[in-house]
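What Swiss-Prot says about this protein:
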BINDING   D176, E177, V178, G179, L180, G181, K182, T183  ATP binding site
DOMAIN    163-332  domain 'Helicase ATP-binding'
DOMAIN    491-639  domain 'Helicase C-terminal'
MOTIF     278-281  motif 'DEAH box'
Amino acid sequence: MSFAVGQRWISDTESELGLGTVVQIEGRMVTLLFPATGENRMFAMAEAPLTRVIYNPGDTIDSAEGWGMTVDKVEELNGLVFYLGKRTDTGEDTMLRETLLEHNIRFNKPQDRLYAGQIDRIERFGVRYKAQLLRHKQATSPLLGLQGPRVGLIPHQLWIAHEVGRRHAPRVLLADEVGLGKTIEAGLIIHQQLMTGRAERVLVIVPDTLRHQWLVEMLRRFNLRFSVFDEDRCVEAFADHDNPFYTEQLVICSLELLRKKRRLEQALDADWDLMVVDEAHHLEWSEDEPSRAYQVVEALAEVVPGVLLLTATPDQLGHQSHFARLRLLDPDRFYDYQAFLDEEKGYQAVAEAADALASGIKLSDEAINGLTELLSEKDIAPAIRQIQAENLDEELRQAARDELLQELLDRHGTGRVLFRNSRASVKGFPKREFHSHGFELPEQYVTAMRVNAMMGGARTQEARVAQALSPERIYQEFDDNNASWWKFDPRVDWLIDFLKSHRSKKVLVIASRAETALALEEALRTREGIQATVFHEGMSIIERDKAGAYFAQEEGGAQALICSEIGSEGRNFQFASQLVLFDLPLNPDLLEQRIGRLDRIGQRHDVQIHLPFLKHTAQEQLMHWYHEGLCAFELTCPGGHVLFGEFKERLLSVLTGESDELDELMADTKARYKALKAAMEQGRDKLLELNSHGGAKAEAITASLSDADEDTDLIASVIRLWDVIGIDQDDKGENSIVLRTTEHMMYPTYPGLNEDGVTVTFDRNTALSRDDIALITLEHPLVQTGLDLITGSDTGTTCVALLKNKALPAGTIFLELIYLAETTAPKASQLYRYLPPTPVRVLLDKNGNNLSDKVDYDSFDKQLSGVNRHIASKLVNASQTMLHPLFAKGEEFAGEALETLTQDARARMESQLGAELSRLEALKAVNPSIREEELEHLRNMMQELSGYLGNTQLKLDAIRLVLVSHN
């Protein structure tokens, strides 16, 4: 190293000091002033960790006076460098002495950092390259948005999400039967729309009682942080914005809030991309008098591009209300109820033809004639011959059936806007077995109920029923010691005996009220020392997570989880199969919701439902009405809401003792239940169900996601990423790791990691059984954050490594260049599907030959070892003259790769979108539910994407200089 006063150097170990100036040379020591910070440093000249800063022709540099220049020529005089070129502001020829360079310097380009001695460790270079590859892999995945959520891989749910989530501004009705996961389907669609940029602002409208359930589901399953808006929140948000809805991107609110004129006006002005309405079957409509709730949703549906309506099965509440919901999605298409009925008659033939195809048997002449007439513009004779052939491979026959079914579906009046799965069409459900346990009414309750009746009071009929169904509540009103009821209640004795005789079983206990749940936990703990935990609405989300985790724990966990009605909303415990209903809710929907905590797809055992009840009370009467009238314990009851509405008055009269017509009520209920069930079964649309569960396509999506879950390379890459960043990883067993921030992290903060740490797993089954453990996939925010931190900074952009190989001459150099092919386009343009930021690797030998096709990255990387920054800087300086022509050669090779990439991307785009456009244009002639705006969107999209692809640029992202060593 030779030094001269006025030269500019940078510290290899303290690059944050900026550009230093040599101010003194004395003996073997040199002193530098770093003007940006005002600090001095003294170094021994022989081993100073310093790198000389000299720019090259073509670079743009700044002077200390604030003006910039483009370097044309570099000259040296008496050890100082002089830059000749043109000013960027005036265009004048000028000269700048290096002493007058701007002090606050940041080397952003990899070449600048390399020459300035800002050289990273070898593992950081590797993590950066892998991070770019992972981002590319994610962006090009056809299943983007489906892998990340903590949900079971259920084919029909994934199919609906895949089919709807990739549409522009989807407007659909999700009408699966209860227990089939409509909320999960909606969450998957929301997640997919957000990840792909098709949506950014989402409004979810739910009944008051479901706001918290949705908040928990969206956070725990989909890592989506929604905000619940009520009147108080709107008032509070007014300080930040005139329109409170603009203060958050993801909002959950109730219909009650939006009934207020001012709040509705604000919601209408809030530029939502997607609206989700849960329990949409409660939106009442008639042509003459639509309800206020319907009008609210209708007004929003007119201005929000994407709309998802979640509803009970379509005809559960009548055909007219089904039409009303379709009208919300597409008022131009569904404009008149009578016209809708007339059209339905027309495609009844389509459904019959689909039934014939789906049956799997030979087609009758009548069915063939029907298909030929329906598909008259196509030649279906070859497909018919394949279906009817005697000795044909079953796969070929099925392919022919599927082809015709798809053609029929495309002509189905509501095939694109309605998805409905029934338990009859979806496999994987357990049986339900009901066990009732009757006990005599304790004297204490008899006395309390007698006194309560004498005191009377102006209570509503429903309030009296609520008391009659929970006699412990009446007793508590007259008892100073509120908790003493459990000392004599025979249901508590039975529960204790049941738990003792089923010690190896996990048992979920549900009661109506939080007070009852807390009292039961105390009874189990104090009387028998049974390990139980509670779950109620007074607990925070984190407290509920801990309680759920304690219950899920196989060893040392709670045997029983005791939930209140509201506290259990949104939580499912499929790992348990024993359910105890300590009391009964009055509403059959709530009863189904309770049983649905265990009776879900993914439950591996038959669900055992136990009901301890008090004889000759309202409890016993309600149990008989549910069991014998609605079959509500052992079967799902999709018509329960309708039947409860029809028989509510008579039922309440029986339960309060005002009527003794229980037998007549049961007979009438049973007859009406059978009629409703038969009508619903007859109304099943096999073609619609075939489309809704996706068949072989759904199975293929599920298999792909299952394979992705088993990707050990991804797991290794993510763990390596966290290692390099400096995150502490503590293996806790049971497939779980605890992640914690550390003082030596590369970055000051890591969003998503708090002081207590986060427990994570790469195993989907573990995550599904434990609400407190996050499922790590490529889509999880904790992985995305790491990728963003690495690729968004200059971490790993430069590296110097040694290759120990005696077959090559010592000192031989290789230059590994990682380019990014990228273009700027709005996320909503979907450009990433065809050309996301794509790493292009070029490996050059000293003669400029590209070896990247012959030497793959991983095998090359394993042979390399790192060197410390000071030695690396010396090696770079010694190799500079050889590097300049290699960089030019590397750009040439990368340019050739870029041309191929853009050509392939354009061909893929035109092929995929062109085929979809042709298909939809052809279908529009036979199915009016194809919206013109969808076609126009596709045409515009193709034009825009072509322009974006033409602007694709190469950017050098990272450099690795490799030298052969024999030591």
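Glycine residues also receive a Cβ, built from the backbone N, Cα and C atoms like all the rest.
Just so it is clear, the model here is predicted, and its values are computed rather than measured.
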Checking distant contacts: for the motif 'DEAH box' (278-281), what same-chain residues at least six beyond its ends satisfy Cβ-Cβ under 8 A?
173, 183, 186, 204-207, 210, 214, 297, 309-312, 316-317, 321, 325, 328, 641
Using a 10 Å radius around its CB, how many other CB atoms surround V178 (ATP binding site)?
20
Would you mind giving the whole-number mean pLDDT across the motif 'DEAH box' (278-281)?
88
Sort T183 (ATP binding site) into helix, strand or coil using the DSSP assignment.
helix
What are the other residues, in sequence order, whose C-beta lies within 8 angstroms of the center of the C-beta atoms of D176, E177, V178, G179, L180, G181, K182, T183 at the ATP site?
E185, N421
Give the residue from the binding-site residues G179, G181 that has the most other Cβ atoms within 10 Å of its Cβ, counting over every protein chain displayed.
G181
Going by a 10 angstroms cut-off between Cβ atoms, which of the binding-site residues D176, E177 has the sparsest surroundings?
E177
If you count, for each of the binding-site residues L180, K182, T183, the other Cβ atoms lying within 10 Å of its Cβ, which residue has the minimum?
T183
Take the motif 'DEAH box' (278-281) and count its residues per DSSP category (helix H/G/I, strand E/B, coil), listing them in that order.
2 helix, 0 strand, 2 coil
